[in-house]
Amino acid sequence: MSGLNDGATNADVTNDSVSVADADMPLYAAMGMTFMQFPAVTTLPQCNAEVIVSGVPFDMATSGRSGARFGPQGVRQASVNLVWEGARWPWTFALDDHLKVADAGNVTFKHGEPQTLVDNLEAHISHILDAGKSALTFGGDHFITLPILRAYAKKHGPVALIHFDAHTDTYSGGSKYDHGTIFHHAVQEGLVDTEHSLQIGIRTAYTLENHPFEVLDAAWVNDLGPAATLERIKQRVGDKKAYVSFDIDGLDPAFAPGTGTPVVAGISIDCALKVIRGLQGLNLIGMDVVEVAPAYDHAEITSLAGATLALEYLYVLAANKMA
Ligand SMILES: [Mn+2]
C-alpha cells in the first residue's frame with residue numbers, strides 16, 4: 001500500500017475496469033460495483049456478453065435540481081436487493097441461463113467540457129453496437145439519450161422510441177446541452193421514426209400542434225391501465241426496431257421522489273413494470289434509465305425502481321431470445 005509521501009499519485013491506482021483517477025475523469029466517475037453483480041468488462045469485442053451495461057454520471061444538462069450524476073451508482077447499489085432471486089417473479093427462468101450481461105463501468109468525459117461527453121458516449125455506444133451487442137445505459141440526466149440515439153441510428157437507422165417521462169423533452173428553444181430538448185433534436189436529426197414512436201406518462205405542457213409523437217398522457221394511462229397502454233404501444237411500434245428511454249420522473253413522485261424535476265400524478269411502478277414486461281415480442285434493441293438523483297431519494301425507492309425496471313427489461317430480452 002502506498003504511503004502518502006512516496007511519490008505515488010491516485011492516477012497510478014487502477015482496478016480491472018477503470019483508472020480510478022484519470023486526470024480527465026470527473027470526480028465520482030469511477031465505478032464502485034457492477035449492476036446486478038454482472039461481470040465487469042473492459043474489452044468489449046472480446047467479451048461474450050450480449051448486453052452491455054454502462055453508466056453515464058453526467059448532469060450538466062439538468063434544468064432543475066442536479067444530482068443525476070450519482071444515478072448509475074445509486075441504481076447499481078440498489079440492484080444488490082435484486083440479486084438473490086434466481087428467477088425473478090413472475091418469470092419462470094433464471095436470467096443468467098438465457099442472457100449474458102456485463103457491466104462496462106462509466107463513460108467518462110472532461111469536466112466542464114460537455115462536448116467531450118457527447119463524443120465519448122456516442123463512440124462508446126457505437127463500439128457496443130459494432131461488436132454485435134446491445135446497450136443498457138444508466139444516466140445521468142436525459143441529455144445522454146441524444147448521443148446514444150445518434151449511435152443507434154447510425155447502426156440501425158431511425159428507431160421506434162418508447163419514451164416514458166413526465167415531460168416530452170421536445171422543447172425547441174435552441175439550447176444544445178439540455179435535457180429538455182433532446183427529442184426535438186433527435187427528430188430534427190432523423191434519429192427517431194416518429195410514426196412508430198410514443199411518449200408515455202406525459203403530464204406537463206407541450207405544443208400540441210404538429211407534435212411528432214403519439215402521447216399517452218399520465219391521466220390516460222392511470223385511467224385505462226397497463227393493458228390498454230400496451231395495446232397502443234404494440235399497435236404503434238409494430239415490428240420496428242424499438243428503443244426504450246425511461247425517465248424515472250415518468251413515475252409518480254410517490255414511487256420516484258429521487259429525481260431532478262418531479263411532477264405529481266404520474267404512473268405507478270406496478271403499472272410501469274407491467275408495461276415493460278408486456279413489451280415481450282417487440283423488436284427491442286436498447287434501453288436507458290435516466291434522471292435518478294439519489295440525493296433526493298428516500299430509502300433507495302427511486303434507485304430500486306430504476307434497477308427493477310432495467311432488470312425487467314433484461315428478462316424481456318431473454319424471453320424474446322427463447323421465443
Ligand atoms: Mn426526460
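Note: Cβ is positioned from N, Cα and C throughout, glycine not excepted.
TrEMBL: automatically predicted annotations, no manual curation.
From a predicted model like this one, the values you see are computed outputs, not experimental measurements.
TrEMBL lists Asp165, His167, Asp169, Asp247, Asp249 as binding Mn(2+), and of His142, His196, His211 the one it places in that same site is His142. In sequence order, His163, Ala166, Thr168, His179, Gly180, Gly250, Thr261, Val290, Glu291 are the residues of the same chain, not among His142, Asp165, His167, Asp169, Asp247, Asp249, whose CB sits within 8 A of the CB centroid for the Mn(2+) site.
Neighbours of His142 (Mn(2+) binding site), defined as other CB atoms within 10 A of its CB across all chains, total 31. For Asp169 (Mn(2+) binding site), the number of other Cβ atoms no farther than 10 Å from its own Cβ, over all displayed protein chains, is 26.
Shown are the binding-site residues Asp165, Asp249; of these, the residue with the fewest other Cβ atoms within 10 Å is Asp165.
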